[in-house]
Structures are given as structure tokens and as C-alpha cells.
Amino acid sequence: MLVLTQGDPSGIGPEITGKSWHALHKGGPAFAWIGDPGLLAAHAPVQPIHDLAQAGAVFGHAVPVLPLPLVAPAIPGKPDRRNGPAILDSIRMGVDLALRGQASAVVTNPISKDVVQSADFTHPGHTSFLAELCGVPGQDVMMLAGPSLRVVPVTVHVALRKALDQLNTELIVRTARTVARGLARDFGLLAPPRLTVAGLNPHAGEGGLMGREELDIIIPAIEILRAEGLDVTGPLPADTLFTPQARSRYDAALCMYHDQALIPIKTLEMDEGVNVTLGLPIIRTSPDHGTAFDIAGQGKADPSSLCAALHLAARLADNRRAASTAHPV
Ligand SMILES: NC(=O)C1=CN([C@@H]2O[C@H](COP(=O)(O)OP(=O)(O)OC[C@H]3O[C@@H](n4cnc5c(N)ncnc54)[C@H](O)[C@@H]3O)[C@@H](O)[C@H]2O)C=CC1
Ligand SMILES: NCC(=O)COP(=O)(O)O
């Protein structure tokens, strides 16, 4: 059974959850929602449950809901910081159920990073928060996966200036190892994963003429990874890395900063793109888009990416279970 967090209650999460249930309630994958039942009731039939084990019997006729009431009314398009703790509690509860083996995976609805910030919560999104909750801080890797492209931002939610300072050989090596393992174990790639690494500078630095990061940081990382037996190409100029021909030559592209990775996947596969967190002891996926406050409450939200996230979570969980049965740790 998958668990789905409520996300920001003023965004499109409730609407796309209801639409996803309508699309999936006959054939699955089945999920239980962790949130305020009243929030979802406008979009689908709901049935509160007290134990996740009850969810399977409910999913065919209603969304099973593990109730987590909001403190402030959820007004579409008008996020309210008072609901921040409930948004975070939904994520905590989902992770806890997955860590205890009761949920097969956690799927998260979008949150506004800004709305949940407080003295106690300074994560720039789910990804590093999930790693902390799972007891593996710093081991999280963000991947955006679609039918024809998988991208991994090596530096993530940080100002571009700071991203350049954060980039180092060790970070690229560590990220690539996690990606290779995730592709083999969770995505079930049968052949050794083919990774490619984007350059940072125009024309991948043009031999140092347009920047030295390729020579000083990226090439040394690629050499370490190749010495470990990984299939890694690069650094390749980012401007031609996402053409159809180029995409056919790799299983995942490591990108040096957030937008280098997310612009191509959202342009090519906004509807089917899924955000996956690698490096965790649990499976977590999410739609690739955000809270879409601008259209919340208008009935216009497209549930495709959430449906894709639910399908992918179920597939990754099956693959990981099969891999752990074949190679018990
Ligand atoms: N996984 C997560 O929790 C994510 C959260 N965010 C957060 O979401 C908030 C808004 O971010 P934006 O950059 O505005 O991105 P956004 O993805 O929320 O919206 C960008 C544009 O795409 C449209 N859009 C997004 N999803 C759609 C859907 N399912 N159906 C139809 N149209 C859709 C929106 O209406 C908007 O015009 C920010 O606070 C950001 O941090 C952004 C990405 C992922
Ligand atoms: N740009 C991706 C994004 O904002 C999702 O981040 P996270 O909440 O999954 O860490």
C-alpha cells in the first residue's frame, strides 16, 4: 500500500489526489492519503481509517484517509503558514509507515518550501528532510525521471552562486554512485547503467578557455568513477545533451545545477515526469510540478504527473523488494 501526503492544502494537491483516485481506483496502484478528510471530500469519496492495514479494502470505493486535521481553513491559492506543522506531520507519518514496512512507498504532494519554513524547519524541500527522517542525512539524491530522460541535479536548492561553490569532485562521485545503484536496484536496469556528466561552462569549458571547473572538478570525478568500473561519459556540453540522439546514449544525466537538469525534463515531459529521491532506505516519489497556487481550486489541474508518481513508486518498491530477496543484505 502506497501512502500519499497531503502537501500544501491550498495548492492543487487535493484536486490531483481526487482525480488520481478516480483514474486508479479500479486498477491501482492503491494509496492511502494522510491528511484532512474534509479537504479531499470535495474531490473524491473518502473514508477515514485508523490503521493502514484497512486501506486495501477501502480503496475500490473511497480514498482511505489517515486523518490529520488542519488548524486553519485551506483557501485555494492562499497558503497559510499555520498549516505548516500539519503539512510536515503528514510527511513524517508517511516516512514512519514506510520505515516500519507498513507502507511500500511514500508519494508526496507538492509543498511550498517557503510556507513550511520556521525556526525548527529549514530544509529547502522534501528531499533533505526525508534523508534526515530516515537517519541518512546528506545521502539523498534528487532524480527527475520521465519516459525518455532521467536527470540528476548534483547541486539542488541553492542560489546559483552558492551552487558553484558547492560543486566538488567528491559530491559528483558520491551522487553518481547513488544514481548507478538506484538505476540497477530500484529501476531494475539489467545492463550496467550508462551515466553522463554535463559540463558546467559553455562548451564544457572549451579546454579551460571558458572556465576550469571541467578540468579541475568534473574530469577528476569521471576518472574516479571509471576506475570503479562505472560507465560514465562526459563532461559534455549541456546545450546538446538533451537532443533525442544524445538522450538515447545514456540512462541518466548528472547536471551541475538545478535548472540545468529541470528545464529539459519539464520542457520535454512535464506531464509524465516524476521526482524520485535516491539514497534512502525507503522509496519516495512525487509529481515533478509544484503547488500551482495560480490555478488551485479552479478544476484545471492535470493529475498525470501524480498518477505517474504513484505508478513509479509501486514499480520501484516491487523492484527493490525483488532485489532484496535475490541479494539479502
Ligand atoms: N515536490 C514539490 O513539493 C515541489 C514544490 N514546488 C513548489 O511549488 C511552488 C510553486 O512553484 P512554481 O515554480 O510556480 O511551479 P509550479 O509547478 O507549481 O507551477 C508552474 C506552472 O505550471 C502550472 N502547473 C503546475 N502543475 C500543474 C498541473 N498539475 N496541472 C496544470 N498546470 C500545472 C502552474 O499552474 C504554473 O502555471 C513553490 O513554492 C515551489 O517551491 C515546486 C516543485 C516541486
Ligand atoms: N525542483 C524540485 C522540487 O522543488 C522538489 O523538491 P523536493 O521537495 O522534492 O525536495
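Glycine is no exception: its Cβ is also placed from the backbone N, Cα and C atoms.
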Given TrEMBL lists HIS203, HIS258 for divalent metal cation, the same-site residue among HIS157, HIS311: HIS157
Which residue among the binding-site residues HIS126, HIS203, LYS266, ARG284 has the fewest other Cβ atoms within 10 Å of its Cβ, if you could check? HIS203
Given the binding-site residues HIS126, THR127, HIS203, LYS266, ASN275, return the subset with CB under 6 A from an atom of ligand 2, ordered by sequence, or none if empty. HIS126, THR127, ASN275
Does anything in the same chain, at least 6 positions from HIS157 (divalent metal cation binding site), have a Cβ under 8 Å from its Cβ, and if so what? LYS113, PRO124, GLY125, THR127, HIS258
Name, in the order they occur in the sequence, the residues of the same chain whose CB lies under 8 A from the CB of ASN275 (substrate binding site) and which sit 6 or more residues away. MET142, MET143, LEU144, THR285, SER286, PRO287, ASP288, ALA309
